[in-house]
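Copied over from TrEMBL:
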{"type": "TRANSMEM", "residues": "72-92", "note": "transmembrane segment"}
{"type": "TRANSMEM", "residues": "120-138", "note": "transmembrane segment"}
{"type": "TRANSMEM", "residues": "150-179", "note": "transmembrane segment"}
{"type": "TRANSMEM", "residues": "185-207", "note": "transmembrane segment"}
{"type": "TRANSMEM", "residues": "252-269", "note": "transmembrane segment"}
{"type": "TRANSMEM", "residues": "281-301", "note": "transmembrane segment"}
{"type": "TRANSMEM", "residues": "321-343", "note": "transmembrane segment"}
{"type": "TRANSMEM", "residues": "355-375", "note": "transmembrane segment"}
{"type": "TRANSMEM", "residues": "527-547", "note": "transmembrane segment"}
Amino acid sequence: MTRWLPLSWAVVLTGLLLGSALAPGYVLVRDMVWVPDLALRSDVLGLGSALPRAVPSDAVVAVLDEIVPGMLVQKLVLVGSLVGAGTGAAALVRGGLVQRLVAVSLAVWSPFVAERLSIGHWPVLLGYAAVPWLAVAGRRVAAAGRIPPWTPLVLVVGSLSASAGLVSAAVLLATALAGGVRRRVTVALVLTVVAANAPWVVAGLANASAAGDAEGYRAFATSGHGLPAPLAVLTLGGIWNADAVPASRGGPAGWAAVVLVVGLAALGARRWWRTERHGQCTALLGLWAAGVGIAVLSWAAPDAVGALGRAVPGLAVLRDGSRSLALALPLTVAVVSSGAALLAGLGTRALARTALAVAVVLAPVAVLPDIAWGLGGSLRPTHLPDEWLAARHVVTGSHGDAALLPWSSYRAPAWNGRRPVLDPLGRLLTVDTVASDDLVVGSTTVRGEDPRVREAASALQATDPEGRAKALRAMGVGWVVVEKDAGSSPEVAGRVLHDGPLLRVVRLEGDVRRPDVAQGRVLAQGAAWAALLAAVLAGVVTSARWIRVRMATRRSETARVPD
């Protein structure tokens, strides 16, 4: 019976935390953008000119919402990421029921979860959920020399964005190779990691010349927002966006969280070291040091991190330094829960031990109380206006891409409660879109990297509507969609096909030059997707075989008659 309690506790905490987000509709907040039917466009597949920040996550959603309604997919992702993190943490720790329940609380009711939910980074949350399971998989590889059959599927789920993919790869390889496994197993692990990350890696290499703005490394550096940043990261918090930080983090509860984590970690470190294999201890310590080190470095020396990110292709993922804190999750959960279990056992009577156990299990919730019920109700679902859905059918793929105006990346529409969100039109339309990729952080504007966006911005600077239309057509844009409630926009000449209260759709008359994509790039990206599908297929086949064997074994044990 007790074996199901960690799962049950994870489900309860998930329901309490998400709360309002589970109501019908789409949660649209900052970078969390979901639409009824995401089209499988070329930019979604990684063939666009921008850095692959939504590769392969958007393509996975586009496929899934052909099978399951997108609204349900979003709910499953949110619930699955939190329940997965909690149950993975419980599976990772070596201890009794109290320790496993504390591990669930630490993983689910976490500043990292709250901050990434608030900013809408759902692929990062899936990667966070995969981390403890990949640590479990790596530990089993190190101990037995065999890869658990479900490993490829968990790795794919944890690699739906570049930063999450790097974290997932590091956790699996560090824990698995700590045991000196055979070369054949090592090769299989590396190939699986490469396959799971291939789509964003290939797309990123194709656009490797895109250099990040130096301002971005300063704007997105780790920040404590009420706590000193080095202390905030010890509790797995420290996002750059002050609006994404729960208010309680800036008061006494924030300091209480630091004392709780540091105190219990100090209490449980020796016990953890004695019960865990030394190879795994070294691996988890290394992962923790890397995760915390990157986060603190981005706070202490953002310019140095920026110089490194611009000099070495692929290291631009270090820009948002606190994302790396997912690497610190396994050690934090293992050591802190070990200390909590020791503390709970100090009671001299059963009633005292029970009271202490309840206290340590609920402590992570007590020091972060304001994230309950959808981050205090801020995660409220909404429905896209009917006019938007109608405009989707007006803009067709036979006349070029669509430019989205006003020329800004985020919107705060009235129908979404004026909550800021990355423009949903960019995902709702069935054609590739061109929109501003500049980000405004406080008083700082971080310039985007997409060269095609800069070309469109230059076209919109033409002195008259006809000149703007001509310049846009020359770069492959045949549509302009204007959101009327989002500010002023430059006029672009063309035929108005829709002019409603919220949107104006303009078709640019004349020939539209379609940008060419090199055949070699198409083939390379196709091979990357084939590798990812191969990893998924391998995971499905091996998992199905494993389940079948386990079921047969259980039937055999049930049917066995004792002598």
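Glycine too: its Cβ is placed from the backbone N, Cα and C atoms.
Under the criterion of 3 or more C-beta pairs below 8 Å, with sequence separation of 6 or more, the transmembrane segment (527-547) and the transmembrane segment (120-138) do not qualify as touching, having fewer than 3 such pairs. As a quick check, the transmembrane segment (150-179) and the transmembrane segment (72-92) miss the bar of 3 or more Cβ pairs under 8 A, pairs 6 or more apart, so the two do not touch. Proximity of the transmembrane segment (120-138) to the transmembrane segment (72-92) is established through 3 or more Cβ-Cβ distances under 8 Å for residue pairs spaced 6 or more apart. Tertiary proximity for the transmembrane segment (281-301) is limited to same-chain residues at least six positions away from its ends with a CB under 8 Å from its CB atoms, namely 135, 138, 167, 170-171, 174-175, 178, 217, 220-223, 229-230, 233-234, 238, 272-273, 318-322, 324-332, 334. Within the same chain, residues 9, 13, 16-21, 98, 101-102, 105-106, 109-111, 113-114, 117-118, 246-249, 253-254, 256-257, 260, 264, 340-341, 343-347 sit at least 6 positions outside the transmembrane segment (355-375) and bring their C-beta atoms closer than 8 Å to a C-beta of that stretch.
Counting only same-chain residues 6+ beyond the ends of the transmembrane segment (252-269), those with a CB under 8 A from a CB of the stretch are 111, 226-227, 231-232, 234-235, 332, 335-343, 360, 363-364, 366-369. Counting same-chain residues at least six beyond the ends of the transmembrane segment (321-343), those with a Cβ under 8 angstroms from any Cβ of the stretch are 85, 89, 92-93, 95-96, 98-100, 102-103, 106-107, 112, 115, 121, 124, 127-128, 131-132, 135, 163-164, 167, 170-171, 175, 220-222, 233, 236-240, 260-261, 263-269, 271-272, 275-276, 284-285, 287-288, 290-292, 294-299, 305, 356, 360-361, 363.
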